[in-house]
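I have placed the structure first, in the form of structure tokens, so that the comments after it can refer back to it.
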């Protein structure tokens, strides 16, 4: 059903795209439909574009030499990243996804693991933006301040963290990513109430993910990533992925970026806690609310025969 | 059984035996030089692909097998289960690449020549033409996200040709126990990146110039006599 709705949008590249993606008939919870409010997106001489853009890395393409070559950037950013952006825009133009932010598109098309076609492109756009910003010229060295404290607390030592991060990258079989994330332990079960949170719940952990998957879909806050798709390192390192990851850690990581992401993640977690605290007090407080609930239950028992 | 046949075809001499006679594996030789598939596939790629990537799968497969052997002997069930992914990755990598080297041949050894005989007939019958098969395999290979393989397989039970893809190093048999691989094309980036960079479709277009249909025909005739 979604396939025919999408195919109704007259565009040859669009139809071709779907057939090559093997869009099967399985049920899709996300409805794709043309926005009723506007029929034309930023039309310029008949060229319709959606709004996701290719951002350049925050440094020139040769700035990370000799550790990551200009040639790698010309392909990795100039071809791979650009293609993810272009293909995503082609997929979402004229659909309700077109009005959403990149992160919203990722969460929507993740579709609880039953990936919709735009997911791969959307997630890879985000992943690569995040990856360029995880590096800087003259990077490497050690983190400091709160970040280093948390690393020491959650991994035992900086060296232990590096070892675990490298192992994750080396053992992510096939294509994928290794991540340092900030994980707030939250129950995410509808009406259930979280046990009272403490600082211990908010941990730094290392995770790895295949292909385009990223920790946003697990509701973690990513702090650092390394791309271990072969295209990320093959021109510079060929099959030597462990050497590439070591070079990344020793010469390229921007600990400044990681620290400011940690700050943002902590602030977000605090904000969520406050909201949950509010919800918890609302739930616990007020006898009326409780007894109403009890009464409703009793009544519905008696009213069985009156169904519909 | 098919695997052992493949391995003893080339120069795999007396395999090293472990304490209990555990059979481990070594890198099969190619029946052509690294540069013989140029310009379709560069010598640099062939050397890295065979001598580094395939060798690493074998090394890690042997390691996993030894660990598995130990765990089985000790009755350590959770280790046995934990090792399954390493065995699938590395064993699959060894199986798939052993087939791949035989799927390729220099032009002077018949690489690129269309299939004749019963396989040629079956291709025309199932897909309409060789061109149609190639187009289908190339489309599926290009669309594969991440790493994996695109296969021409034979369904032994229904005597029918199929085109399938598998992710990572999953062998074709993971898509169906009756599937026999006739032709596999590696679409991991390591198979083409140094030469074709991001343009996987160009690699897929060119590899057909060195595809060894003779090997595929042999397998087909054996399964469908």
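In case you wondered, yes, glycine gets a Cβ from its N, Cα and C as well.
As annotated by TrEMBL, domain 'Manganese/iron superoxide dismutase N-terminal' applies to B:24-105. The feature Mn(2+) binding site is assigned by TrEMBL to B:49, B:97, B:186, B:190. Here TrEMBL flags B:115-218 as domain 'Manganese/iron superoxide dismutase C-terminal'.
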Binding-site residues among B:49, B:97, B:186, B:190 whose Cβ lies under 8 Å from any chain A Cβ: B:190
Per-region confidence, the domain 'Manganese/iron superoxide dismutase C-terminal' (B:115-218) (mean pLDDT, whole number): 97
Helix, strand or coil at residue B:190 (Mn(2+) binding site) [DSSP, three-state]: helix
Surrounding CB atoms that lie within 10 Å of the CB of residue B:186 (Mn(2+) binding site), all protein chains: 24
Residue B:49 (Mn(2+) binding site): tally of other CB atoms within 10 A of its CB: 23
Per-residue Cβ crowding (10 Å cut-off), top of binding-site residues B:97, B:190: B:97
Local backbone state of residue B:49 (Mn(2+) binding site), from DSSP in three classes: helix
Residues close to Mn(2+) site centre defined by B:49, B:97, B:186, B:190, Cβ within 8 Å: B:50, B:53, B:54, B:100, B:188, B:191
